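Record features (Swiss-Prot):
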type    : residues                     : note
BINDING : D48, D50, N52, Y54, E59      : Ca(2+) 1 binding site
DOMAIN  : 84-120                       : domain 'EF-hand 2'
BINDING : D98, N100, D102, K104, E109  : Ca(2+) 2 binding site
DOMAIN  : 131-166                      : domain 'EF-hand 3'
BINDING : D144, D146, S148, Y150, E155 : Ca(2+) 3 binding site
BINDING : D190, N192, D194, R196, E201 : Ca(2+) 4 binding site
DOMAIN  : 224-259                      : domain 'EF-hand 5'
BINDING : D237, D239, S241, T243, E248 : Ca(2+) 5 binding site
DOMAIN  : 283-304                      : domain 'EF-hand 6'
Amino acid sequence: MDSAAAAAAKRVQIEKAHNFMRQYRDPESRELKKLSANQFMDVWAHYDKDGNGYIEGTELDGFLREFVSSANATDISPEAVTDTMLEELKSCFMEAYDDNQDGKIDIRELAQLLPMEENFLLLFRFDNPLESSVEFMKIWREYDTDNSGYIEADELKNFLRDLLKEAKKINDVSEDKLIEYTDTMLQVFDANKDGRLQLSEMAKLLPVKENFLCRQVFKGATKLTKEDIEKVFSLYDRDNSGTIENEELKGFLKDLLELVKKDDYDAQDLAAFEETIMRGVGTDKHGKISRKELTMILLTLAKISPDDEE
């Protein structure tokens, strides 16, 4: 390496240590450069220091200080952003990007903030959440081709390929780039780092518009009406057969399981939960429930207070 290249490399190293975001800005215009999937993950990993899936607290303060100070042409340090400026900035920033208003930034919210390769951005499905968990379970069954109860790397790659094909972008994506996207999505969503996606991890990659069962009416706050129960039944009985079965039942149980297990459950948990629920309603019909049985389940759920769920 010649002396000029060595000096340039050292300068980048110093910039990284001083302000991680500065390397991603154009030195002339100070605009953010378009990030590759790998660069985006570098930014995420740098600021999500505890690896809990959120940029929050002091991590968020550090990100905002560096994000703002890196836009300045003069080499000011992040510390130049005063606490008062930081609070004002945080308030505006969170109003614009904290979609779920939880006071922290998750990976989807960061993806909306930073300029990224268009194809990679498409994979986050910002404008296209699934209608229901029934749809989710149909997709799960389609891509879990070996019925292992997990979406492995090759199955995830097939899913991402089809997602881009659906968006008519597949011709733009090479096999190498698809592998990069698959690896990146695993880094993002594979919380337990076992190299594959379990149900709860895939549910974060493929969000559902709303888990209807999370509404307060099902948590004992108000009396359940016949209309409430009918609404739930029609939500899951997608084929209007008069019973909730197959992926409809799996989707219903997934939504129920999310109330109990929160963010960490897999296909084995779902199967065990199904067995418990079916035994609880005393049904001998394997893999399907009627309106009456759904009513029993929802009435039981409504009796459980939020404190009991913890």
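Positions of Cβ are set from backbone N, Cα and C atoms, glycine also.
Packing against the domain 'EF-hand 5' (224-259) from elsewhere in the chain are residues 132-138, 140-141, 199-200, 203, 211-214, 217-218, 265, 269-270, 273-274, 277, 285, 287-291, 294-295, 297-299, 301-302, 309: each is 6 or more residues past its ends and has a CB under 8 Å from a CB in it.
D102 (Ca(2+) 2 binding site) sits 36 Å from D239 (Ca(2+) 5 binding site), counting Cα to Cα. Taken residue by residue with DSSP, E155 (Ca(2+) 3 binding site) is part of a helix. Here the candidates are the binding-site residues N52, E59, N192, R196, T243. The one whose C-alpha lies nearest to that of S148 (Ca(2+) 3 binding site) is R196. In sequence order, Y54, M94, Y97, D99, Q101, G103, I105, D106 are the residues of the same chain, not among D98, N100, D102, K104, E109, whose CB sits within 8 A of the CB centroid for the Ca(2+) 2 site. Summary of the Ca(2+) 5 site environment: with the site residues D237, D239, S241, T243, E248 set aside, the chain residues having Cβ atoms within 8 Å of the Cβ mean position are Y236, R238, N240, G242, I244, E245, K288. Among the binding-site residues E59, K104, D144, Y150, E155, the ones whose Cα sits within 10 Å of the Cα of R196 (Ca(2+) 4 binding site) are Y150, E155. Put simply, D144 is the one of the binding-site residues D48, N100, E109, D144, E155 whose Cα lies nearest to the Cα of D237 (Ca(2+) 5 binding site). R196 (Ca(2+) 4 binding site) falls within a strand segment according to DSSP. If you compare Cα positions, D144 (Ca(2+) 3 binding site) sits closest to E248 out of the binding-site residues E59, N100, T243, E248.
When DSSP labels each residue, the domain 'EF-hand 2' (84-120) comes out as 24 helix, 2 strand, 11 coil, counted as helix, strand and coil in that order. Neighbours of N100 (Ca(2+) 2 binding site), defined as other CB atoms within 10 A of its CB across all chains, total 9.
Distance between Cα atoms for E248 (Ca(2+) 5 binding site) and N100 (Ca(2+) 2 binding site): 27 Å, as a whole number. Annotation note: E248 (Ca(2+) 5 binding site) sits in a helical segment as assigned by DSSP.
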